[in-house]
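Participant: This is the feature table in Swiss-Prot:
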- 1-20: signal peptide (SIGNAL)
- 265, 268, 397: Zn(2+) binding site (BINDING)
- 334-357: disulfide bond (DISULFID)
- 561-571: compositional bias 'Acidic residues' (COMPBIAS)
């Protein structure tokens, strides 16, 4: 067992748990299924090996982890999920989430106007539907503002938001819930169910020590970068993964760099976890996977798990559904700006975006958000003074399962590299689909999700959430990043921002495979002698029969024959598109 597995588990145990629900942590109880599963594991597991017993003994002694000996008879035979406590009920009341089916641009405009009047929280929108959060007693007011075509074109997707929020929080742990698996945070297929870090969402107080641990353990190709400080003084930390010439902080040639970000909107926890998953896969795959080794040698990868640390902490401590950052505004009772509306390119402060109480408040001017400003300054400084050329940008959000390319601010202005943007986006969508059969739509960020038959008819509708001032447009236009995308991750609305923890690893695998496709495309001809498909990660239930391989170093040559068929049973290979050397 790798020593990293031991230390990482111990780090997670030793970091105090950040209470997700103030004053009510004692009300968390594991589900019946989880407890029964724990009993079955304890009864059916073979005795641990000597090294395992020694390892656990050391950890238990140093970090005072309780012994794994327990009495299964003390576990209740039947437990139901408790009702949300009063603190949650007081905040979310009788709120629900409704999905409206849209059929025309008039429907979109009507929903925009009504939502602005009532200051409603638009959760997500596509070319076919819009999800809106509102109190039950506001439903009649909303319907009264809508045309007849929309008054019956809606269904509830979350009936009791307070209960859904309560059930989305991780349960506090005073000890390791399953000590046999506690110190094995590998992302390898065989250890998927034993990975303690990715078994649940993690607070910032756990993420930062975990990042420092990885940087110290893999110092040959990993270091932490501090991009600046947030409004409340927290460091905005990222991984820089890449192999540079020895003792050369300033490379002689411009270093091609790819940026992957998450957590711009605080409530989108799956984006934070997915950035961490991809980072871990790149870090631990170097020297073992020929594909990853090539990517780490040819590019620097800067991965920023949360661009909005203040907002992210606030979602753990106070309001799970907080979206904006936490800076003060002219209205003291409506703090925060939507960071993804504050970037400098085509900033738009009109309509609801000029109201500090709006969920998409764009601030008082370009770069009015503290965090977007410092990240932009960092990127410009890297370009102007550190010989860096940014060649790729992936901004992870949730939800609705979409791959969006520039522009967000306009559907009439066409990006000059549209053909290449669409080609790579389709390749990314295909990689995700082959991972776990999840379908991601591809479109311009100014539109909703556009199916192919609607696109042929010219029926694309402008998205309710498209706007100027996005990170996507700024990186593409102002920083001249040729391949910039926003990925809206799982799901399509069953849970929305409250995606259950069982989706963390599958979503991570989807985006990891997408990153492989992304890097392969940017490598151009240099990628042609590598079996990229052989390095794909698959969930256990959908993993194809491919031969196992072991890569012992950057110079080792090997050949593996493996062809994957797509969902339409076509005979083309997954990565059969044209590559583009950048």
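Backbone N, Cα and C define each Cβ position, glycine as well.
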Participant: Around residue 357 (disulfide bond), how many other C-beta atoms are within 10 angstroms of its C-beta?
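Facilitator: Around the Cβ of residue 357 (disulfide bond), 13 other Cβ atoms lie within 10 Å.
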Participant: Cβ within 8 Å of the Zn(2+) site centroid (265, 268, 397 excluded): which residues?
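Facilitator: Here the non-site neighbours turn out to be 262, 263, 264, 266, 267, 271, 323, 340, 396, 398, 488, 497.
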Participant: What three-state class does DSSP give residue 397 (Zn(2+) binding site)?
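Facilitator: Its secondary structure by DSSP: strand.
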Participant: Ten-angstrom check, please: count other Cβ atoms within 10 Å of the Cβ of residue 265 (Zn(2+) binding site), all chains counted.
Facilitator: 25
Participant: Judged by the number of other CB atoms within 10 angstroms, which among 268, 334, 397 is the least packed of the recorded positions?
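Facilitator: Least crowded of the recorded positions 268, 334, 397, by Cβ count within 10 Å, is 334.
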Participant: How many Å lie between the Cα of residue 397 (Zn(2+) binding site) and the Cα of residue 357 (disulfide bond)?
Facilitator: 22
Participant: Take the C-alpha atoms of residue 268 (Zn(2+) binding site) and residue 357 (disulfide bond) and report the distance between them in angstrom, rounded.
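Facilitator: Answer for this pair: 19 Å between alpha carbons.
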Participant: From the Cα of residue 265 (Zn(2+) binding site) across to the Cα of residue 357 (disulfide bond), what is the distance in angstrom?
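Facilitator: A Cα-Cα distance of 16 Å.
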